[in-house]
Amino acid sequence: MSKVYDWFEERLEIQAIADDITSKYVPPHVNIFYCLGGITLTCFLVQVATGFAMTFYYRPTVTDAFASVQYIMTEVNFGWLIRSVHRWSASMMVLMMILHVFRVYLTGGFKKPRELTWVTGVVLGVLTASFGVTGYSLPWDQIGYWAVKIVTGVPDAIPVIGSPLVELLRGSASVGQSTLTRFYSLHTFVLPLLTAVFMLMHFLMIRKQGISGPL
């Protein structure tokens with residue numbers, strides 16, 4: 001076993017990486033409220049895992065979406081648990097993110113030189129809200145349908161560009177298959193990818209600059 005480790009150590013300097021990770025200074029004022037960002041990340045990872053599991057059975061069509069969700073809940077082994085965990089962790093992610101924002105604001109973690117860390121956090125907040133909007137529509141039940149119709153209709157109040165924006169969001173003049181396809185693509189591919197990129201940037205900046213000091 002030691003020979004295998006030595007082989008990797010010679011090429012990748014694993015011990016130096018491990019020492020850098022484990023030897024980072026943690027200020028004495030840090031408490032449990034500084035873990036809220038990490039809990040938000042954990043919820044996101046749970047979302048990715050449970051969401052990926054459901055893609056094996058979910059059908060993103062207006063005729064089959066609701067039936068496929070019912071199938072997941074009633075026929076798939078532990079499907080009810082997977083979907084329930086997905087929903088619970090989604091709610092928890094939003095709650096932890098809000099509490100994390102309050103903690104950062106109240107402790108001045110957004111001030112110089114951490115402005116960019118705050119900006120990436122704001123972007124992550126918008127992405128999290130977008131997850132909620134797009135995911136809410138995927139069962140394509142009455143609640144999901146009318147929620148999508150209302151949300152996508154909001155830009156219509158904007159002069160000149162309002163109507164084109166609505167059509168861009170819906171994929172057509174009215175809510176239908178194109179809308180569901182767009183929201184499914186956003187929810188399962190675009191938003192997770194963007195969230196992963198901005199989370200990486202967020203954590204790298206925290207890693208570089210360290211945790212902000214007490215007020």
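Each Cβ is built from the backbone N, Cα and C atoms, and glycine gets one as well.
Taken from Swiss-Prot, the feature heme b 1 binding site applies to Tyr34, His100, Arg103, His202, Ser212. In the three-state DSSP assignment, the secondary structure recorded for His202 (heme b 1 binding site) is helix.
What Swiss-Prot lists as heme c binding site is Cys35, Arg207, and the listing cites experimental evidence. In sequence order, Lys24 are the residues near Arg207 (heme c binding site), counting only same-chain partners six or more apart with C-beta under 8 A.
Classification of His187 (heme b 2 binding site) by DSSP places it within a helix. Per Swiss-Prot, the feature heme b 2 binding site maps to Arg83, His86, His187; the stated evidence is experimental evidence.
The transmembrane segment feature in Swiss-Prot is assigned to 32-52 (among others); the stated evidence is sequence analysis. Non-local neighbours of the transmembrane segment (32-52) in the same chain are 82-83, 85-86, 89-90, 92-93, 96-97, 99-100, 103, 131, 187-188, 192, 195, 199, 203, 211; each lies 6+ residues outside the stretch with a CB under 8 Å from one of its CB atoms.
Here Swiss-Prot flags 90-110 (among others) as transmembrane segment. Proximity of distant same-chain residues to the transmembrane segment (90-110), defined by a Cβ-Cβ separation under 8 Å and at least 6 residues beyond the stretch ends, is recorded for 33-34, 36-37, 39-40, 43-44, 47, 117-118, 121, 124-125, 128-129, 131-132, 135, 211-212, 214-215.
What Swiss-Prot lists as transmembrane segment is 116-136 (among others), and the listing cites sequence analysis. If one looks beyond the transmembrane segment (116-136) by at least 6 residues along the same chain, the residues whose Cβ comes under 8 Å of a Cβ in the stretch are 47, 90, 93-94, 97, 100-101, 104, 109-110, 143-144, 147-148, 151, 183-184, 186-187, 191, 194-195, 198-199, 201-202, 205-206, 209.
Sequence annotations record features per position, and here Swiss-Prot assigns transmembrane segment to 186-206 (among others) based on sequence analysis.
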Cβ packing number for His187 (heme b 2 binding site), 10 Å threshold: 21
Conformational class of Tyr34 (heme b 1 binding site) under the three-state DSSP mapping: helix
Cβ atoms near Ser212 (heme b 1 binding site) (within 10 Å, other residues, all chains): 20
Cβ neighbours of His100 (heme b 1 binding site) where a neighbour is any other Cβ within 10 Å: 22
DSSP three-state assignment (helix, strand or coil) for Ser212 (heme b 1 binding site): coil
For His202 (heme b 1 binding site), nearby residues of its own chain (Cβ under 8 Å, 6 or more apart in sequence): Thr117, Thr120, Gly121, Leu124
